[in-house]
């Protein structure tokens, strides 16, 4: 039997800093030459400050993955920050390549995921509390409080991927046919 892996494959050398200029695409990124590696390849300040949440959803996700931190290549981890305005929502989505764990920095959130048997597992979270969203399951976070909220996210993949349910169904290219959506949602066009 082939063993199952719950994260990215183990690395084969000390570091394999992603070379974003390489045309070679494998399961990850080609490695930069060791002589060209610097501390900047392992650094990102993008989650240090709150993000701007004056948008339709009232939230902003800032990823800290291999696309922002080339030194994460082959390490099998990444993180991020999600900021929420009062009433803000990180809409239903999945991460096809990773389990997600959140830690509430400030504020309060209602969070949940839906199992493959359509059971909603949800919880109200406060400052300092954590919650786990299993790999591939649809999940969400909503700030129902009157003050801003923020979480730090952790993933067991250098590039977990995000697939937003609504955006996937209604803004794909080419579009999902209307007759498919109307039948699936039992609604009019």
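Glycine too: its Cβ is placed from the backbone N, Cα and C atoms.
TrEMBL annotations: computationally assigned, not manually curated.
Keep in mind the model is a prediction, meaning the values are calculated, not measured.
Quick look at what TrEMBL lists:
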DISULFID  16-31  disulfide bond
DOMAIN    45-182  domain 'Cupin type-1'
BINDING   90, 95, 100  oxalate binding site
BINDING   93, 95, 100, 139  Mn(2+) binding site
Query raised in the report: DSSP says what for the domain 'Cupin type-1' (45-182): how many helix, strand, coil residues?
Result: 14 helix, 55 strand, 69 coil
Requested in this report: Could you name the residues, excluding 93, 95, 100, 139, of the same chain that surround the Mn(2+) site, i.e. Cβ within 8 Å of the Cβ centre of those residues, in sequence order?
Outcome: 94, 113, 133, 137, 138, 160, 162
Query raised in the report: In terms of Cα spacing, which of the recorded positions 16, 31, 95 are within 10 angstroms of residue 139 (Mn(2+) binding site)?
Result: 95
Requested in this report: Quick one: of the binding-site residues 90, 93, 100, which has its CA closest to the CA of residue 31 (disulfide bond)?
Outcome: 100
Query raised in the report: Including all protein chains displayed, how many Cβ atoms other than that of residue 16 (disulfide bond) lie within 10 Å of its Cβ?
Result: 21
**Report entry** Alpha-carbon distance [residue 16 (disulfide bond); residue 95 (oxalate binding site)] in Å
**Finding:** 24
Query raised in the report: Taking the Cβ of residue 139 (Mn(2+) binding site) as centre, how many other Cβ atoms lie within 10 Å?
Result: 22
Query raised in the report: If the oxalate site is taken as the center of the Cβ atoms of 90, 95, 100, which further residues of that chain fall within 8 Å of it by their Cβ?
Result: 93, 94, 102, 133, 139, 141, 153, 155, 160, 162
Report summary line: Whole-number Å distance separating the Cα atoms of residue 16 (disulfide bond) and residue 100 (oxalate binding site) is 24
